[in-house]
Amino acid sequence: MRKSNHPHKKAVHFIGIGGIGVSALARYFLSKGNIISGSDTSPSELTDQLKKEGIKIFIGHKPVNIAKGVDLIIHSAAIKKDNPEIKKAEQLGIPFKSYAEALGELTRQYKTIAIAGAHGKSTTTAMASLVFIKAGLDPTVIIGTKLKEFTPPAGGNNFRSGKSKLLIIEADEYTGAFLNYSPFGAIITNIDLEHLDYYKNLAEIKKSFLKFIGNIQYGGILILNKDNKNLFSLRNKIKKIGQKNNLKLYWHSVTLDQRSQAQCNKLRKILKVSGEHNVSNALGVYTLAKALNINDKKIFDALSEYRGAWRRMEYRGELRIMNNKLRITNENSIIHNSSFIIPVYDDYAHHPTEIKATLAGIRQKWPKSAIICVFQPHQEKRLKSLFKEFAGAFDDADTLILLDIFKVKGREETKQSVNSQKLAEAIKRKSPINVLYLKSANWRTKNLSKTLKQIIIQNQHKSVLNQHKSALVIMMGAGDIYKMTDKLIK
């Protein structure tokens, strides 16, 4: 990489640039005129797009990727000290920092609003961004998903460059990343048992969130979800921190506060995204916006226009049954006069709380539809730690197809006592839903399509789909199941 000749521009290299968060930060640095390169273990749609935007992409982590001209290296949380590019940087004396450390520095350069919580961060960050844009505040946004409203590229972006000094970020608690941030304002959506490969227990997670609250700037704003019992249990400790740092604390509730029912009812009417969890997310954004004197019309107009985010109950295409034969189409390839149309959605849910909320939202929006859920568990440790919760998370589905666990490199124990087949057996023992386990070797597109067809026709014969009048497929998980969705709808 050539070194920047401009005294204020830098040559910055990102290790793990294919990640949704790291790529957003790379785009931020690129927008400031810096020379950007990055590496990742494999190519992806995202790395291909970054290349089109002018970023030099290397596939594989190799010492040769690091040249003497590099001024700074930023790496993802997954990158260890023995990474060959980190070792080369040390040899050359090039400074390096984690994604969270680099983003933390930005939070002190801007008036930052950070969205934290075990679930709903991306959706809430997206909603808040659109409200502040509608209000004319022109924020810079770094988010862990792609928004259709942020273009180019056509499929949506995880970064928006604004001209104001307002920065809106998604603040992840994994590895304590959000403890690097120093926001002026924050929303905490909830606290839950999550990332148990890093945190030992719920008490440790709560302690981390209290530290995050303690890092909010003096005189700042904090929005909290009263409906989440884990968060509300900390109210006295939060109050003490708030008094010490002169924070303005606002608790909101979908179920416990009569004063907010008018807003909740309006949100239920205008939101295009389904589920009470999204009403709660939107109410948190509404509460923040009101605290910053944004008027109701702009808030509700922006929230009504929100179309959802990448892999958050995202419509992807359709399965069409014609004369008992399954045809697969996407929105650009429509087949008319079909006898049965089954929409396909894609969702990132990978925790029991998220799964239950997503399926409940689907059931609420489509009460007469049969729900066929295809789920890929994410990380053995998560499945083992929350096995009982996973076994009870799919009750709103009519049919569940379980794929093998997506194993996260560097975050797995060598031996685990759980797998998807055992989860299928546990669900069968306690739930009347139809459960099918598919081995990894059998879930390639052709076989999955064939299996789905067989399940749908079988359910027709059992009058399950006839009883429901319609059906839908939800592809669910945080691993690579979205790649299957891509192939499934082609």
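Each Cβ is built from the backbone N, Cα and C atoms, and glycine gets one as well.
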Practice item. Look up transmembrane segment in TrEMBL and report which of 12-30, 126-144 it refers to. Key: 12-30
Exercise for review: Would you please pick out, from the binding-site residues H119, K121, the one with the fewest other Cβ atoms within 10 Å of its Cβ?
Suggested key: H119
Review point. Hey, of the binding-site residues listed (S122, T123), which one tops the CB count within 10 A?
Key: T123
Review point. Counting Cβ atoms within 10 Å across all protein chains shown, which of the binding-site residues G117, A118, G120 comes out on top?
Key: G117
Point to revise | K121 (ATP binding site) in three-state DSSP notation | key: helix
Review point. In the domain 'Mur ligase N-terminal catalytic' (12-110), how many residues does DSSP call helix, how many strand, and how many coil?
Key: 43 helix, 21 strand, 35 coil
